[in-house]
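Novice: Pulled from TrEMBL, these are the listed features:
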DOMAIN    1-136  domain 'Peptidase M14'
ACT_SITE  E106  active site, proton donor/acceptor
DOMAIN    264-554  domain 'Peptidase M14'
REGION    367-392  region 'Disordered'
ACT_SITE  E524  active site, proton donor/acceptor
DOMAIN    688-973  domain 'Peptidase M14'
TRANSMEM  1062-1085  transmembrane segment
REGION    1120-1142  region 'Disordered'
Amino acid sequence: MRRNRFLLSGNLHGGSVVASYPYDDSPTHRLTGVYSKSADDEVFKYLAKAYASHHPIMRTGKPNCPGEEGETFPDGITNGAQWYDVEGGMQDYNYVWANCFEITLELSCCKYPPTSELPKEWENNRESLLAFIEKVHIGVKGFVRDAVTGAGLDNATIAVAGIAHNITAGRFGDYHRLLVPGTYNVTAFVMGYTPVTKENIEVKEGDATEVNFSLQPTVMPPAPNVTQLTAAPAPVTAITPTPVQAETPKPTPVHEPIQPVDFRHHHFSDMEIFLRRYANEYPSITRLYSVGKSVELRELYVMEISDNPGVHEAGEPEFKYIGNMHGNEVVGRELLLNLIEYLCKNFGTDPEVTDLVQSTRIHIMPSMNPDGYEKSQEGDKGGTVGRNNSNNYDLNRNFPDQFVHVTDPPQPETRAVMAWLQSYPFVLSANLHGGSLVVNYPFDDDEQGIAIYSKSPDDAVFQKLALAYSKENAKMYQGSPCKDMYPTEYFPHGITNGAQWYNVPGGMQDWNYLHTNCFEVTIELGCVKYPKAEELPKYWAQNRRSLLQFIKQVHQGVWGFVLDAVDKRGILNATISVADINHPVTTFKDGDFWRLLVPGTYKITASARGYDPLSKMVEVDSKGGVQVNFTLSRTDSKVEEGKVLVLNTPDTSNPNEKEFETLIKDLSAENGLERLLLTSSRDVTPYRYRPYKDLSEFLRGLYLNYPHITNLTSLGQSVEFRQIWSLEISNKPNESEPEEPKIRFVAGIHGNAPVGTELLLTLAEFLCMNYKKNDAITKLIDRTRIVIVPSLNPDGREIAQERGCTSKIGQTNAHGRDLDTDFTSNYTRYSAAREPETKAIVENLILKHDFSLSVALDGGSLLVTYPYDKPTQSVENKETLKHLASVYANNHPVMHLGQPGCPNKSDETIPGGVIRGSEWHSHLGSMKDFSVTFGQCPEITVYTGCCYFPSAGQLPGLWADHRKSLLSMLVEVHKGVHGIVQDKSGRAISKAAIVLNEGLRVYTKEGGYFHVLLAPGFHSIDATASGYQQKHVKVFVRDDAPSSVFIVFDTENRIFGLPRELVITVAGASMSALVLTACIIWCVCSIKSNRHKDGFHRLRQHHDDYEDEIRMMSTGSKKSLLSHEFQDETDTEEETLYSSKH
């Protein structure tokens, strides 16, 4: 209440029907009957009547509540204490301690009325609620400003003569004072200014009267420093543009830049305010965002500075600075805050700064270790207090290493930064440290673990980058930085190879180079780690030119686009290779790339899966980046005679289809999902576990609050009769839409691993809250059928115990059966003996055969498994199943690193975080295997973390880690191949068989639609249907867009392998011969019939004896028939299925 400047408030209660106003208690605290009058008694009565007068019962003053039939309230209002004394009431607190006027509204005699009464209550209160809100506009309002500068005066006091209750102005000098109609004298005053009184101000019914105040300062300020008063960029039109001189690093005197004035050590709160201030003052070139949280939940802030913040502009390189990785090395932190101030204040007036901001997307993280900073101490010269994070781990030894297995668990700061680095196409970076004065470059360690030069493939580039910084810092360039501390230490030209200086395994700069497109160096800024604040201006003077010059290096080398020769679209993740330099880089979403190189002549090759590679000779000079574009042609696959080749043919004639295809491509880009999350109107964070009752109420709440996009159903019941809920999210949740892909998320198959349950509940709320608020999420919901089953084993969940990281309590259902072993292959024959939970999901989900993808969430490790869990020699469609698992793992900040780091298996390595189920934990009867074999739906199992049931405090971090991966599945389900099968007349053909790569088989749905997920690349499709010719097509599946196939069947021209005309001729002749033969036989039989009449007469005499004989024989023969005709001589149903398939 004190943080938000509320003006008017209503506190809604029940138990009577009346509007109560302050004060709620009196000095005597008599139980009832004492009118406790506030200074604004008339205003409160006016507000209370505004509500009561529109309420059909309240305005009568006779609530007629049971047991209080005689109670009356004139006009439906009452003074609180006069009714009954209430100590510590909220309405009095609002009035006394804040600027807010609050009344208490008793809405009905019954405190918890039946649901059926709620519509009537809404009708009774609707007009009152609206009328009360309108009263927030009454009284007087305006601004209190400094008469000299015009600036608003924060916390100025507004006093009304005759009313002993003052209010204060807001941050910008804005105020609003509620008053009833009348004439008033109003005074504004603040310390250091002469008070001003406005007399005879008339307040009328309706909107507030506007009254502004200009206060004269009692002491005039000294003449202002021009530099300090410049708080916003001057209009660009006010400057005469001057071209940037390539050989002149310093601005000309005409454009003398504005220097920072904010030299002090910024603790976290101070830094946070600083960043918010500049983001607020320069919104056209800044965007403040967080990449995650520290151990102690401090935000890891990043300030983006660009002429188009929040957007990756095709062809524009992205640069980053990171400071304060070691908490007690603080110079980098303060220099980066200075740099933010410098860039913001000089944009539009200084050509050098303007050019940098317009041509580069700059990201600045002032502090990667805010927790360590808060522990460190000013004046620390070479100590270690605050160096590590709050878990006491050195963050610059915490990254996966190429030579050494890092055993320390990945820290929240490390994981957040790795996810950040993989979300943006960074080209160049510097990590700012302290303790020496030198620029060090990769590699930071070597195989032997000793101090020796460890050369990277781009050693020449790194030396040039390091020199670009050091030569602008005179002291650093001399190479003998800390003579009093390290007298023998010498760095030629102020640069060094990292490992040659000393060995650092697990460093961030090497991880950047090896796992992203980014080249990073580490810059030591001074011998003292935490210098006194008065020395900070000296550090800025020494490093300003270096900081700017290093950013400019992002434009060196070659850059350009890799495009598709057919549609001219950029190719995502194409590879750019330079001959003789073993370090390729990849393209971003628009096909744009940047490759840093020193001057020289190079053979550069662009390649991409499904395309022919292309090479060019390129000459790079020292003047700047050279643009080189590549247009790649798709690999020409041979097509057999009579077969059709179809290559990625989406329906682009429909603008909505084209728009959605573009959305899928954008979301598939490296930072596409990150941008979606940043632009979502609201995120939600799980903070507690929900037992069955709370889970049920939560799902019901989603259904009731979002009825147009949700449908809540029960798939069945558990052993102990708990419902197994299924929530569908779609724009048409109760209608069949066979053309839309359908995805299911299932969690809680093991009750002792409820993290998946909470992640899915959070995902459901996130999607619902952002529908019609976020364009991308709205389109995904409109075009996808999403089914969420949050708890398959609710009985086991009820007995599982929080913090049970290895406990198996609750793993099985109430019968003690592990449900992930109950999906047996002979399910249909013995379904009556199956567990009720298994039966519910099999019959009501899996065997519906209408899902394109299934994602199951479990716990106990950090990886993704794909089919099969049972031991098997080969896996059909393996590449696609592995691809789907990799998409999830690659969108998780650390899962893809392949080191789960679980305590019981600390040395376990899972390449890419993905493994086939049988290779990790082989077992029979898994849901995943059943889904693939019988449900024709690929399913992956996600293990969300090492701990089965971690503490609720870890849920926010788990959601932050998994939300991007979960959303990636909603994008991925739209890829693969979408198709329609029709005949030549346009009639849709359902139940046509679609055979993919001569193995995997699916069937068309109603409307002739089919959809199957496939790994990127070329795939063959054979389509067959009874009465039609078989069709064969080839399709190219992209990794960033759906592929569409339109198959038109021709009528079958051959019958039994013979030409249709021949078969029809032979059939006609045969029919004629049969008719002629039948006529002849009939004539012969007619002639003979008279001869046998006497014989039939004698046979009829023995009829009764014949019937008895037949009746006696039939008893034995029926038993024989049963024993042979219905005897099961087949193998299991699974063997029957496989034999029928082959």
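Note that Cβ sites are derived from N, Cα and C of the backbone, with glycine treated the same way.
Mind running through what each feature is packed against?
Specialist: Cβ neighbours within 10 Å of E106 (active site, proton donor/acceptor), excluding its own Cβ and spanning all shown chains: 23.
Proximity of E524 (active site, proton donor/acceptor) to non-local residues of its own chain (separation of 6 or more, Cβ distance below 8 Å) is seen for H433, G434, G435, S436, L437, V438, V439, N440, P481, given in sequence order.
On the 0 to 100 pLDDT scale, the domain 'Peptidase M14' (688-973) averages 91 in this prediction.
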Novice: Within the same chain, where does the region 'Disordered' (367-392) have neighbours whose Cβ lies under 8 angstroms from its own Cβ atoms, ignoring anything closer than 6 residues to its ends? I mean 6 or more beyond.
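Specialist: Residues 265, 267-268, 271, 294-296, 298-301, 322-330, 333, 411, 413, 417, 435, 485, 527-533 contact the region 'Disordered' (367-392) from elsewhere in the chain.
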Novice: Pull the DSSP breakdown for the region 'Disordered' (367-392) and write it out as helix, strand, coil residue counts.
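Specialist: Across the region 'Disordered' (367-392), DSSP assigns the residues as follows: 6 helix, 0 strand, 20 coil.
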Novice: Report the DSSP secondary-structure composition of the domain 'Peptidase M14' (1-136) as helix, strand and coil residue counts.
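Specialist: Split into helix, strand and coil, the domain 'Peptidase M14' (1-136) gives 52 helix, 25 strand, 59 coil.
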